[in-house]
Each structure stands twice: as C-alpha cells, then as structure tokens.
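Quick look at what Swiss-Prot annotates:
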| type | residues | note |
| --- | --- | --- |
| BINDING | ASP7 | Ca(2+) binding site |
| BINDING | HIS67, HIS71, HIS77 | Zn(2+) binding site |
| ACT_SITE | GLU68 | active site |
Amino acid sequence: SPCIIIDYLCVTETCFCERFKTNKELLEYITVMFTGVQNLLDTLNLGIVGVAQDYSDYNERVDTVAHETAHLIGAPHDEEGPCQDT
C-alpha cells in the first residue's frame, strides 16, 4: 500500500529554547510532544505513522500539531467536509 511520510521542521524563538537547560532537554520535550501527536492521530484510525504558531501549554500544542497534520493530508474542518449536512 502507498505510504505518506510527513517531515517536520520545528522552528522556535530564543525565549522558548531558553526554558531548557540543555539541547537534550529540548529534544526530549519535542519527542514527547510528537509522541502525543502520534497518539492522537492513531485514534483517527487513518493508518498514519508519523507550520503552526502556538503559545499554548503541552496538551493544547499536541492538539494543534495533530490538527494541522490532518490538514496536510487533506482532512477538512468538520463543517467543511462532505458530511456537513448530515
């Protein structure tokens, strides 16, 4: 079956990076965030393995990345999809 690969480039401002004492701490944070995104995508049963500005906490940030990833693969908002009148 065809496979879709989505690569991410995470760009942050200095004040975000200053929250972490080492690059290892930053990497661990990003890894946990994308694990959360993967967990949310798995609940959609889309078979997905796998640029939003976001100033929210961890849980909201995971939701935002998962939401924007769904748009990358063509998912519309609920009110914009083919089932909007049902």
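In case you wondered, yes, glycine gets a Cβ from its N, Cα and C as well.
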Using all protein chains in view, find how many other C-beta atoms are within 10 Å of the C-beta of HIS71 (Zn(2+) binding site). 11
Protein Cβ atoms within 10 Å of GLU68 (active site), excluding its own: 14
Any idea what DSSP makes of HIS71 (Zn(2+) binding site), helix, strand or coil? helix
Within 10 angstroms of the C-beta of HIS67 (Zn(2+) binding site), the count of other C-beta atoms across all shown chains comes to 14
CB contacts under 8 angstroms to ASP7 (Ca(2+) binding site), restricted to the same chain and 6+ apart in sequence, sorted by sequence, are none
Integer Å value for the Cα distance linking the residue listed as 'active site' with HIS77 (Zn(2+) binding site) is 10
Using the Cβ centroid of HIS67, HIS71, HIS77 as the reference point for the Zn(2+) site, which residues of the same chain not in that list have Cβ within 8 Å? GLU68, ALA70, ALA75, PRO76
